[in-house]
Structures are given as C-alpha cells and as structure tokens.
Amino acid sequence: MSEIETIGFHYVVEAAGCDPEILGNADRIREIFLEAAKVGNMEVKSSYFFKFSPTGVSGVVIVAESHISVHTWPEKGYAALDVYTCGTKAEPEKAVDYILEKFRAKYAHVSEIKRGIEEDDDTFTHMIMTWEESLRKNGNGKG
C-alpha cells in the first residue's frame, strides 16, 4: 500500500491534567513553544502570546511550515493545542510530544489530520486519525 501524499499535517490536541502554573504563564508557554518548534524541526518566523485576566493564555508561533497555537484554561488544567505543518522537513508529532511533556499533561486526545489530499485537478480533501493517551499515572510525571 502506498503512502498518501498530503500538503500538510494538522494535529488538534485536547490536553488535560496540565500544570495550572505553566498554563497561566505566557512567558513560560512561549519558551516551551519556541523549543517545541526546534524539536519539531521547524523554522520560527514570529510569535505572540497574550495573558488574560485573571487567568489563561492564548498564543501562536508562526513557523515557515505554518503554526503552533494554544488556548489555556489553567483553572481546569486544560489546553487546546494546534500544530500544523506543510512540507516534508518538519516533525509535528515531536513538537506535540514535547509540549505535552512540558505542560505535564496527564491525558491527551489527539487528532491527526492529513490536509490537502488531492482527489483530482481542483479538489482536495483530508483524512483524520484520532487517538487518546493517558500520559502520566501520578503527579510526579512517572508512569
């Protein structure tokens, strides 16, 4: 069976049981995302993060290959993540794993969307694969 050709990979991640202190810290999230871009072999172009009052952060890192974005709810230990990349150089799954580790997520629901699958000359579609993971069984990060 041959590999399906795609223009890009889009990871949509529901991260739960995350460290609320990290989720409420825009500067720390920026550091994590910039390093995640490196880990995922992406070229950073720009970034912007906004801290809401009293809590929560929204932010984006623009990479040459597309973007990494987040919206957090520290009071719920929840983060909504998107990692989208085009081309063959980037490794978005490594960026996702790095972010989940640094957020200390205990649980993740991940959808991988292969985008831009060409059906014919003018038509494109996508394919979705979804999985769930229990990442940590206790609070110290060890299974």
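Glycine too: its Cβ is placed from the backbone N, Cα and C atoms.
Within 10 Å of the C-beta of S66 (active site, schiff-base intermediate with substrate) there are 21 other C-beta atoms, taking all protein chains into account. Residues or ranges marked as active site, schiff-base intermediate with substrate by Swiss-Prot on the basis of sequence analysis: S66.
The pyruvic acid (Ser) annotation in Swiss-Prot covers S66 and is backed by sequence analysis.
If you look up Swiss-Prot, you'll see H71 marked as active site, proton acceptor. DSSP classifies H71 (active site, proton acceptor) as strand under the three-state reduction. Long-range Cβ proximity for H71 (active site, proton acceptor), meaning a same-chain Cβ under 8 A and a gap of 6 or more residues, is found for G56, V57, S58, A79, A80.
Sequence annotations record features per position, and here Swiss-Prot assigns active site, proton donor to C86 based on sequence analysis. Under a cutoff of 8 A between CB atoms, and with a sequence separation of 6+ in the same chain, the neighbours of C86 (active site, proton donor) are I7, G8, E65, S66, G116. DSSP assigns C86 (active site, proton donor) to a strand segment in the three-state reduction.
Secondary structure at S66 (active site, schiff-base intermediate with substrate), taken from DSSP and collapsed to helix, strand or coil, is strand.
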